[in-house]
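Peer 1: If you scroll down you'll find the structure; I have some questions about it.
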Amino acid sequence: MRVLVGVKRVIDYAVKIRVRPDKKAVETANVKMSMNPFDEIAMEEAVRLKEKKSATEVVAVSIGPTAAQEQLRTALAMGADRAVHVVTDDELVPLSVAKVLAALVAKEQPKMVLLGKQAIDDDSNQTGQMLAALLGWPQGTFASELQVASESELRVTREIDGGLETLRMSLPAVVTTDLRLNEPRYATLPNIMKAKKKKLDKLSLADLGVSLRSHLTTLHVDEPPKRGAGIKVDSVETLVDKLKNEAKVI
Amino acid sequence: MAAMLRATALRARPTARMLTARRSLSTLLIAEHDGKTLNPATLSALTAATEIGKPVTVLVGGENAKDAATAAASAAGVSSVVLLENAALAHGLPETWAPVVVAMQKEGGFTHVVAASSSFSKGVLPRVAALLDVAQISDVLQVKDENTFVRPIYAGNALSTVQSHDEIKVMTIRPTAFEKAAAEGGSASVTEGTVEVVAAKDVAWLSEEVKKSDRPELASAKTVISGGRGLKSAENFAMLDSIALKLNAAVGASRAAVDSGMCANDMQVGQTGKVVAPDLYIAVGISGAIQHLAGMKDSKTIVAINKDPEAPIFQVADYGVVDDLFKAVPELESRLEQK
């Protein structure tokens, strides 16, 4: 079976972000960019499925600016067989991304689409669910364990609010990854070199025949309110006293 | 952009359309419940719903949900309750739930469909939005008007004010950002839902491992004590339980504590775990990575106990104790006893 893996280029998780002075967005110029951490987990899982012979081909896809090729090369170095880059400079809401992915699914005919559960930039946590809805496929979101039981059946253990739950679903399906699904591998230098020779197709939104419309306008982006400066107390005794008499929380 | 949109709307159909839209605001709130009462998070989402657009209709679905529907009817601000008793809704499968919510929206002409952010709503609502061909707005922190909402991005390090152009707004509400509506004082009617429930064939619920605890629920506890890498082992982590018992607190954890197996993953506080905003948050042996702060920095009072004076947690802590937690935590416990 063919597995499609979504990869998003985002500001690196360790970067302390800054709001742009015009308050229209977050500063992205000269900021370190990386593959969304949840997508790395999706990529790793797809490669493991291939190593277990459950998957025959792993296709990494990214929708975004030209620079998103870097993240696709990383995906290829991790073990994707080929990559598809849908080039656009527009900021797409998850519904629009899901529509583009649905068009790619129609083209590529995968049996499974693996996505991260959320992108760490917009924190939406929507794309996988929306794609599943558009395709009429079942969804295994927040997966912490994935078992391909047969050509047509999947078992997904999901992280839910009170613990874990296990679902059985038929393939094709959309799966979104939670942190604990796996530990993504590092791309080795030889694999990074090999990745340069792998196929990376470029498509435009027009090539895929998807028409998108605007759903949301970001009016402004602000810094969250700052907390007032705290104090360091010298002993637990003082701490308990402050909590009782000053903050009155115990 | 906003002006342009307004112009488009006006051209499409003159002012009457906007007036009609304004008059016919109505919100559908998807309830989460335990069969008896509404979840505290749903009561917070109810507050947001009443700010967005009344009347508010609450959908209570599931098996043996009659008592929960009665409870919803007495919550303040609820106009009506629709009860859908159906075993197919019991485990919250989005493949079954989403078409039901879509049918409810179409039947009732709701302008807004909302639910508290939870693993259930995160599964269902984006599916609903896609079926309605509208965007979803996740984790709403503030309602500016019926089209304009504030939500966190970049792990809460920026707040984005977004305006929706969709006819129907689908959104999840961050419960900690809204006060809980009163569970009593309402007098809504309960009606049996008429939309058809069709159990999804392509997915089946097999089992769950849900942790039972007599401690308050993490997301709604007034006090939370959380442990991190500094606790070093599951045995040490258990140290927090006895303090939690004295404070009637819930126990949380950082990702490091979960990943190293000190505690269960549903205890994780942060960008990818639970978001809490208790009156008192005590961080023990937690450095305070961006992703952890995203889940707790709206707590009223934050206490940090850490031996590293440079730990970023001290930048958000109201009270910090720079000390070895293996000394400070037992002392804290004994001092709590003496109060």
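Note: Cβ is positioned from N, Cα and C throughout, glycine not excepted.
Per TrEMBL, the feature FAD binding site maps to B:R229, B:254-255, B:268-272, B:285-292, B:N306. Here TrEMBL flags B:27-215 as domain 'Electron transfer flavoprotein alpha/beta-subunit N-terminal'.
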Peer 1: Determine, from DSSP, whether B:Q271 (FAD binding site) sits in helix, strand or coil.
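Peer 2: The three-state answer is coil.
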Peer 1: Please name the residue among the binding-site residues B:Q268, B:Q271 whose C-beta has the most neighbouring C-beta atoms within 10 angstroms.
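Peer 2: Answer returned by the neighbour count: B:Q268.
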Peer 1: By the criterion CB under 8 A from chain A, which of the binding-site residues B:R229, B:Q271, B:I286, B:H292 would you report?
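Peer 2: Cβ contacts with chain A under 8 Å: B:Q271.
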Peer 1: So if I measure Cβ to Cβ from B:R229 (FAD binding site) and keep only same-chain residues at least 6 apart in sequence, which ones fall under 8 Å?
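Peer 2: Those within reach of B:R229 (FAD binding site), by Cβ under 8 Å and sequence separation of 6 or more, are B:S254, B:A256, B:A257, B:S260, B:G285, B:I286, B:S287.
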Peer 1: Can you tell which of the binding-site residues (B:I286, B:A289) has the fewest other C-beta atoms within 10 angstroms of its C-beta?
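Peer 2: Among the binding-site residues B:I286, B:A289, the sparsest Cβ neighbourhood within 10 Å belongs to B:A289.
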Peer 1: Taking the Cβ of B:H292 (FAD binding site) as reference, which residues of that chain separated by at least 6 in sequence fall under 8 Å from it?
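Peer 2: Non-local contacts for B:H292 (FAD binding site): B:G228, B:S254, B:R255, B:V269, B:G270, B:Q271, B:I286.
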